[in-house]
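Asker: Please read through the structure below; I'll follow up with questions.
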Amino acid sequence: MTVNGKDIDSPNAQYVAAGIDMSDLFPAPFPTNVKTVHLETLSLAKLLQRDEDELRRIYENCKDPGFFQLDLTDDEQGVQLLQDAVDCARLMKQLLPNMSVEEKRMYKQHSRVGVYSKGYQVYDVLPNGQPKYNETVNFPMTEMLGYGDSTVDLPDWLSPHRELFQRTMRSGNKIANIVLAALEVGLQVPRGALTDAHRIQDPSDDFLRLLRYPGLQPGQPRDDLCFPAHKDFTSLGILFTWLGGLQLLASASAPGVTSGTMTGPLDIAEDAWRWVQPVPGTAIVNVGNALEILTNKALTSGLHRVVRAPGEQLPFDRYSVLVGTRPANSFPMKPLQSPQISPVLDPAAAEIATMTSGQWGTHNIGSFNNWVKARTERQEVLIIP
């Protein structure tokens with residue numbers, strides 16, 4: 001196979017999609033002896049065409065399990081986002097392992113508490129200076145695109161790539177709104193009920209997040225849990241990843257599962273978890289808590305976690321690109337009116353219904369900080385057989 005004038009040998013041909021060679025992001029094959037979850041693959045082109053069967057399928061998959069794979073290769077808008085995500089991952093692969101944490105921390109987080117949409121972030125650092133679990137680089141969409149009251153000053157190691165980050169954000173917001181418009185049909189809400197809450201020009205806590213999960217090195221203490229089980233504080237997440245690590249539950253009714261948004265690493269039995277195998281050319285899309293709230297649980301925000309890569313992939317760094325979409329900060333967090341959405345609110349939902357999206361996000365991130373601190377104090381360690 002020849003891609004852009006370069007010969008691609010047959011083993012790597014499986015990592016080529018829409019003419020984009022991603023073989024460098026797949027340094028080892030996904031193992032064949034682990035239990036995986038089946039996610040439906042939906043077509044971006046068919047969603048744009050308002051194909052009735054595809055509209056039904058996306059609604060059913062967002063009801064349960066709240067995850068699906070979106071084929072981006074059949075529409076030029078999707079191919080653009082795919083290429084931008086690959087470019088972002090390659091950039092982080094070039095930069096992050098070769099810089100000190102002190103250098104990377106020069107990209108400061110937001111001064112306001114409760115928002116993880118800006119800056120470099122790492123929780124635990126090993127004696128060799130490398131992150132123990134993961135490191136993230138976050139870009140706030142509103143400020144990056146010039147829609148807010150302030151702009152983002154990027155450090156020297158990021159500023160030459162501002163246009164790439166901006167392009168990825170714009171493409172991601174377009175794709176998210178295609179998904180939201182499709183869900184409006186299944187939910188039987190007026191056109192614009194969801195998309196008007198997620199307009200790119202309205203101030204929000206939308207973000208682009210670039211992640212690196214360092215591979216396990218010889219002699220390093222084994223702890224397989226990179227990020228404990230949780231639900232996302234978004235409306236939609238659009239995730240690109242190339243190595244294994246993301247896990248979902250085989251059943252939402254597994255022992256230990258609660259209605260909460262977070263849980264400890266040892267609360268749910270190991271055999272309840274299933275691996276997600278990345279598929280070249282697709283993005284993994286998930287419903288977040290905001291969409292679950294706006295539909296009063298007609299749509300499901302699925303519990304998931306991130307662990308170290310399986311099998312031969314274990315020693316390799318894993319990179320991910322995540323576009324997070326949230327309602328505008330001023331949007332009320334009360335359920336939409338529809339025959340598909342129950343008007344009866346439980347006490348927690350009734351309290352949230354008095355908040356704006358911005359207030360709700362700040363409240364949730366504060367709880368998340370306490371959860372992370374408690375996990376560290378308990379010194380919980382997970383080792384997957």
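Yeah, the Cβs are placed from backbone N, Cα and C, and that goes for glycine too.
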Asker: Quick one: which of His161, His198, His304 does Swiss-Prot put in the Fe cation site with His230, Asp232?
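Answerer: According to Swiss-Prot, the candidate sharing the Fe cation site with His230, Asp232 is His304.
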Asker: Quick one: Cα separation, Arg318 (2-oxoglutarate binding site) versus Asp232 (Fe cation binding site), in Å?
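Answerer: Arg318 (2-oxoglutarate binding site) to Asp232 (Fe cation binding site), Cα-Cα distance: 20 Å.
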Asker: Give me the mean pLDDT over the domain 'Fe2OG dioxygenase' (203-327), rounded to a whole number.
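Answerer: Summarising the domain 'Fe2OG dioxygenase' (203-327) by its mean pLDDT gives 88.
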Asker: Do any residues at least six apart in sequence from His304 (Fe cation binding site), in the same chain, have a Cβ closer than 8 Å to its Cβ, and if so which, in order?
Answerer: Phe67, Ala229, His230, Lys231, Leu246, Gln247, Leu248, Leu249, Asn286
Asker: Which one of these binding-site residues has the most other Cβ atoms within 10 Å of its own Cβ: His230, Arg318?
Answerer: Arg318
